[in-house]
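The following features are taken from TrEMBL:
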TRANSMEM  B:12-32  transmembrane segment
TRANSMEM  B:74-94  transmembrane segment
TRANSMEM  B:106-128  transmembrane segment
TRANSMEM  B:134-155  transmembrane segment
TRANSMEM  B:167-188  transmembrane segment
TRANSMEM  B:208-228  transmembrane segment
TRANSMEM  B:256-282  transmembrane segment
TRANSMEM  B:325-344  transmembrane segment
Amino acid sequence: MLNVQQLTGGYSGEKVVNDISFSVNKGELFGILGPNGSGKTTLLKMLTGILPFAGGKAYIKGKPIEEYKLKELAKVAAILPQHSSQTFSFTVKETVSLGRYAHQKGLFQTWTEEDESVVMEVMKQTEVDPFAHHDLNELSGGERQRVYLAQALAQKPEILFLDEPTNHLDLSFQKSLLDTLKRWTKEQGLTVVSIFHDLNLAGLYCDRLLLLENGKIQKEGLPDEVLEEDRIRSVYRTKIMKQPHPSVPAPQLVLLPEGETEGDLSINESMLSFSLEHIVLKAPFPLKTMSSGVVGSGTGWHKNFVNRHVDRRYDCSDHRNEMREYLRSYNFEPVETVGMMTAVILEDVCHHFYEGSNFSVLVVVTAGVGNSVDASKSDAHSSGMKPGTINTWVFVNGVLTEEAYIQAIVTASEAKAKAMSDMEVKDLITGTIATGTSTDSILIAATQRGSGLDYAGTITSLGKIIGKGVHECTCRAIQKSRERAGS
Amino acid sequence: MQKSYTRTFLNNPATAYIIALVFLVAAMLAAISVGTVSVPVRDIIAIIGNEVFHLPFAREIEPMHTNIVMNIRLPRVILAGLVGASLAIAGAAFQGLLRNPLADPYTLGVSSGASVGAVITLFFGFTIPGAGQFTLPIMSIVFAFLTITAVLFFVRKIDPVMKVETIILTGIIFSSFLGALISLMIALTGDELRQIIGWLLGSVSMRGWDYIKILLPFFLVGSLLLLFNGKELNAMSFGEERARHIGVNVQKRKMVILAAGSILTGGAVAVSGTIGFVGLVIPHLTRLVWGPDHTHLLPLSILTGSGFLILADLVARTVISPTEIPIGVITSIAGAPVFAAILMKKQRERRGMTNA
């Protein structure tokens, strides 16, 4: 559809784009990326015949662009610019109708039935038909952008060029515009070449991407290939991180703000507070957490950590909401808080601070073994949520990788199972040694400042301390709980 | 939503043309009828029917009335109408092309150029051999052409893409320069001062049929060129790049529109002097009532512009009769407040829009 070969050019002699070659197939959504001044818009202006070439060739449907007459080109290629200015208050329909200019013939440019039906069709597609007779300046920015899109579509183009189409649009229209374009590429074989400012949108919607740097091609290929962490970091000279999209196989890049990782605060026992109602750790800044609490579970950033005592007969029907209400009543913002529940008497808590070589770990465990279960024989138990009885908190003063979080959970679980075994806690139904209780919760929280800890397997320096700490604290907590039951 | 209502009611093009035509005819009849000697409308119709269309109207008409209508008032009204139409359609076209509702033929310096041509003729008092009394209009048109050519040449030198901003700026620079030349000549002139000032303020009186013959071909050529570019003007009022994307040959069309606008302005200035605000206010009001679509805006501006200038001329010669006020004074007195009101309304709209 579009074939560009060694294209070079720019404004009055100065070469803004240099030796650009790529091709776009019919029905593709092709994204052009690059930092400011990398030549994106210049490239688009050259491809749409606004700027002359200093060298190279560009073909649309196999024919060089400069050999197209303006009207012919307008029938094949349409452009939705970044900003459109309008001076006079044309109505929406008048504006869209202008898109038919190239299709009208003769000195008097008669308006045919085909023109009319195309205009009605594109106004429906872009959902601007309800305000067909409104003035353009009565519309919102997003609606106006849709009108200009309709105008471009009224040209019945085979290839559509867009310059940052989502600029100045709110989130919902960004999505609906790109969803629509994507659908048209698939259903009608429309080819779309678009400049994107937002790398994540580009990664989400484009079939292929072209990354420009200083007027040259840095990389062309699939979104996942182009949007590599190191490449984007160097091209945009900024700190970013790449993450997978949570529900779609597309790369997402997130910015890393500067100045946040200053300071040498570490989490220690002085931040803990105890009462009969709850055990609380208030961190001075948010920690990155991976947890299975009632509130704030999964991964996230949290400042407050609450282990709440509930009665054995606690009604668990809507425990999440009830827990949120509880947290609010104690002035903990639920979105900043990881909250857990336990029926254990909180005086039986056991905590200890461990120093590693260049990091430190705080372990806090509350344990009761009332409904212990042997995980290998759990079929014998009935299902149902009961308040957790072994709640393990591990705070790490260091920078953990994603894998370190998972390894830390595994290590902590193993240490807990070992503690159960050493304390000879039995599954009351099967009579075998238990591995935990039916509703245990775990929290791994790290400050993400200080030294990097890539792994937390059992024989790594971090894993060793987590294993030892969790084992010790769990044993002591079980012992305390037993002593209370005995006394 | 008063405006939306008026626009839907009057938006039917047929209604628009009928209203504009009725306005023009009424203005013409009024202007021919009223004066020191009052001519009844029925007589006017009979005289024009007899003399122009050679229809057998059996009606007793005073020969003096026939003389007044045919030799004084009718040519004067037609000339005023042609000048008004030329200025209005040229203004509409320039505004569309420059995407600036405040632009007018004068912004490009075309009118100053024409004025310089005329003032030079008056200052040196010379006659082109064979041209006789037509030296003044011919010089005006020639100078209008020279000026627009020079302006476009400079614009192209400064900015090969010929952005509208560059054109306006260059036009203003030329206007100032040419205005200074005119002032210089006025300062140096002695006895001719009154004649030059009178010409500068504009008038359509005592020009006769000869001036109509001078203006008519220019009016026809210029208007037709513009009428065939209505769609292109629509496209270009969305910006030149946008127009190009839609498929308009911007470079060529822009040249045609500028040339046509200069022919119209040059011709009008030559026969009537500098008459301001017609090219600004008429397209603006027409657009306000019937919308900005140039395929209708241009012909409607012809009708309303001529009607407006005919009425302005009527006022100019009757208000403190027998003394005549220069017509440019009337159009400025009527036009400037309207223009200011439009400007204020536009500002309010813009503020309302940003608040919304």
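Positions of Cβ are set from backbone N, Cα and C atoms, glycine also.
Just so you know, TrEMBL annotations never went through curation; they're auto-generated.
Owing to the predicted nature of the structure, the values given are computational and were not obtained by experimental measurement.
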Review point. Between the transmembrane segment (B:208-228) and the transmembrane segment (B:134-155), are there three or more C-beta pairs closer than 8 Å, counting only pairs 6 or more apart along the chain?
Key: yes
Point to revise | Same-chain residue ranges lying at least 6 outside the transmembrane segment (B:12-32) that approach it to Cβ under 8 Å | key: 39, 41, 44, 69, 73-74, 76-77, 80-81, 289-290, 296, 299-300, 303-304, 306-308, 310-311, 313-314
Review point. Hey, does the transmembrane segment (B:134-155) touch the transmembrane segment (B:74-94), meaning at least 3 C-beta pairs closer than 8 angstroms, sequence gap 6 or more?
Key: no
Revision key, fill the gap. Answer key: the stretch among B:134-155, B:256-282, B:325-344 with most Cβ pairs under 8 A to the transmembrane segment (B:167-188) is B:134-155
